[in-house]
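Q: Feature annotation from TrEMBL assigns active site, proton donor to Cys528. If you look up TrEMBL, you'll see Phe307, Asp308, Val309, Gly310, Gly311, Gly312, Leu313, Gly314, Val315, Asp316, Tyr317 marked as substrate binding site. Residues or ranges marked as domain 'Orn/DAP/Arg decarboxylase 2 N-terminal' by TrEMBL: 101-367. Per TrEMBL, the feature domain 'Arginine decarboxylase helical bundle' maps to 392-478. As annotated by TrEMBL, N6-(pyridoxal phosphate)lysine applies to Lys127.
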Amino acid sequence: MSDDMSMVSPSSAGEHGVLRSMQEVAMSSQEASKMLRTYNIAWWGNNYYDVNELGHISVCPDPDVPEARVDLAELVKAREAQGQRLPALFCFPQILQHRLRSINAAFKRARESYGYNGDYFLVYPIKVNQHRRVIESLIHSGEPLGLEAGSKAELMAVLAHAGMTRSVIVCNGYKDREYIRLALVGEKMGHKVYLVIEKMSEIAIVLEEAERLNVVPRLGVRARLASQGSGKWQSSGGEKSKFGLAATQVLQLVEILREAGHLESLQLLHFHLGSQMANIRDIATGVRESARFYVELHKLGVNIQCFDVGGGLGVDYEGTRSQSDCSVNYGLNEYANNIIWAIGDACEENGLPHPTVITESGRAVTAHHTVLVSNIIGVERNEYTEATPPAEDAARPLQSMWETWLEMHETGNRRSLREWLHDSQMDLHDIHIGYSSGTFNLQERAWAEQLYLNMCHEVQKQLDPSNRAHRPIIDELQERMADKIYVNFSLFQSMPDAWGIDQLFPVMPLEGLNKSPERRAVLLDITCDSDGAIDHYVDGDGIATTMPMPEYDPENPPMLGFFMVGAYQEILGNMHNLFGDTEAVDVFVFPDGSVEVELSDEGDTVADMLQYVQLDPNTLLTPVPRSGEKYRSGRRAAAAVSSRSSRRDCTAILIWKTSSC
């Protein structure tokens, strides 16, 4: 981790710890309410993100300390003045810690409410975000915390941090002999390491290695449930899931351990329905089924002490509080209540002790804490221009379009809006076909396309959003007329789930939110790939195919924030087009208004990315031939450049160390 640390004091930074422009006009409470509804911040923001009186995004990393907040737009500008490059990740470790406290508090309330005698703690699955800064921020929160690994490399990372936490380590995923041996070494070192049996082939290796190392293994079993959630990750659960033992295999495992004299080693029951469970009913159903496994295992003489319900605790990316794939219809309290009640009820009914409850809630802990901030580098607008009539002898489709245009202005009849739009679309279609056959020239095609855009502008102004009959036309025109905004980032590197699984992330400007959202936009990245576009956006009315934007100057556009990217995105990001990691900073906000910013990742440069694909930037040369000299081609030319890089007839043009975005 870098030692680069900067601090902004209250006296030099204004009310929220950063410089503010005194010329900006404070927004009214009515305007603030409108913007909150437009972007659904009140729901997905979870009190961490808000719009302040200047129309800027503000961040409150700990809602229990509301005076500790920072103006994100001004913070980014201050960092840019100090040399910060965009795009960059702005990470708030205090949000991580608050999320952990909030989940723990919800389970504490549930246990007290239902008289549940067992303990609870959260085990953080580091695959969600393996960065050291994330793991250590959680460990240093002062809250009980365990760690989960799903591979050998992750287990090594977990063991490296195990000395900082006296909780448990849970080992999931595919386990070969080396993985199992490493876990048993961790147990021998004094850590409480649970090896979760997910394939029958694992148990023989575990028993062999345990005997060889002279250590008593601590085991868990993952039950494959019939219950299955819905959504993008539903294949994680159910009878066809990749991991877990069927009922017959669970019985076989018990008998193998009994015969080996290791039945007491089986102490943990685990199941996993999937990530981002949207419907609380699916969670409750899965817990009730798994509780029956707990009861039946006790009847077989297995003293299960820990009940690991796995992941699934979702977050509301949309702010709709629905069963949509990117939302949830429950909160932390309801989630905790359903789990504690279902397990406790099964225990009371069968006279069994209350086990320690474990959840592996990685997404719910990390998602909110990171914002990707980037700048707009280009805007393409469909502008309205003065319309002129076609030539008197123009072909019929051109004359028809002009007649529709005149009728729109002469009658002003709203009932004809849809008809005007359809007529102009049919005429434009005929003109496009005629252009392909040579009937229309380029000037005529351009005239028709511009007139159609003018018609769309006119129709759009007369539509009423409150009229349900107008909504389909409004949506169609918003897509057609939306600004194309080119943003300095790679979707594949910074938000791979938006591309890979249509994950929705809240996106909005960091400033200018004291203006009405009059414009619509679609966001495009700077990769050479048509998939590098965001297709869905949070909107006050639900999910839209265009993003609401306040009026802005295309020559001086606002910065954009891509929120809730703290889970999975950093580690899943790929290097398509050789765009590398962005810079990342940790931001700490204090009640006195001061802000500390620490550079945690310098990001990749062009040179770094070239080296990754075995190209040394220090030896990359562009030969500049002398007058009359011909280029040599193919393999011979490449060999010649490589072996004679110092030839006098070549000029070395080096690849300088610049940002990769």
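Heads up, the Cβ atoms here are built off N, Cα and C, so glycines get one too.
Heads up, TrEMBL stuff is auto-annotated, nobody curated it.
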Q: How big is the gap, in Å, between the Cα of Leu313 (substrate binding site) and that of Lys127 (N6-(pyridoxal phosphate)lysine), rounded to a whole number?
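A: So the Cα of Lys127 (N6-(pyridoxal phosphate)lysine) lies 15 Å away from that of Leu313 (substrate binding site).
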Q: Given Lys127 (N6-(pyridoxal phosphate)lysine) and Val315 (substrate binding site), what distance in Å do their CA atoms have, once rounded to a whole number?
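A: Answer for this pair: 17 Å between alpha carbons.
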Q: Between Phe307 (substrate binding site) and Cys528 (active site, proton donor), how many Å separate their Cα atoms?
A: 48
Q: If I restrict to non-local contacts, at least six residues apart, and a C-beta distance under 8 angstroms, what lies near Val315 (substrate binding site) in its own chain?
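A: Listed in sequence order: Trp44, Gln276, Val328, Arg363, Ala364, Ala367, His368, Met564, Ala567.
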Q: What is the pLDDT of the domain 'Orn/DAP/Arg decarboxylase 2 N-terminal' (101-367) when averaged and given as a whole number?
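A: Mean model confidence (pLDDT) across the domain 'Orn/DAP/Arg decarboxylase 2 N-terminal' (101-367) is 94.
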Q: With helix taken as DSSP H, G or I, strand as E or B and everything else coil, how many residues of the domain 'Arginine decarboxylase helical bundle' (392-478) land in each class?
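A: DSSP classes over the domain 'Arginine decarboxylase helical bundle' (392-478) add up to 72 helix, 0 strand, 15 coil.
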Q: Same-chain residues six or more away whose CB lies under 8 A from the CB of Val309 (substrate binding site)?
A: Phe271, Gly286, Val287, Ser290, Ile339, Val357, Ile358, Thr359, Glu360
Q: List nothing but the one residue from Leu313, Cys528 whose Cβ has the fewest other Cβ atoms within 10 Å; the candidates are the recorded positions.
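A: Lowest Cβ count within 10 Å among the recorded positions (Leu313, Cys528) is Cys528.
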Q: Around Gly311 (substrate binding site), which residues of its chain at least 6 apart sit with Cβ under 8 Å of its Cβ?
A: Pro125, His272, Gly274, Ser275, Thr359, Glu360, Ser361, Gly362, Arg363
Q: Quick check for the class: what is the C-alpha distance, in angstrom and rounded, between Tyr317 (substrate binding site) and Cys528 (active site, proton donor)?
A: 28
Q: Tyr317 (substrate binding site) has how many other Cβ neighbours within 10 Å of its own Cβ?
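A: Tyr317 (substrate binding site): 24 neighbouring Cβ atoms within 10 Å.
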Q: Three-state secondary structure of Phe307 (substrate binding site) from DSSP?
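A: DSSP assigns Phe307 (substrate binding site) to strand.
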Q: Kindly assign Lys127 (N6-(pyridoxal phosphate)lysine) to one of the three DSSP-derived states: helix, strand or coil.
A: helix
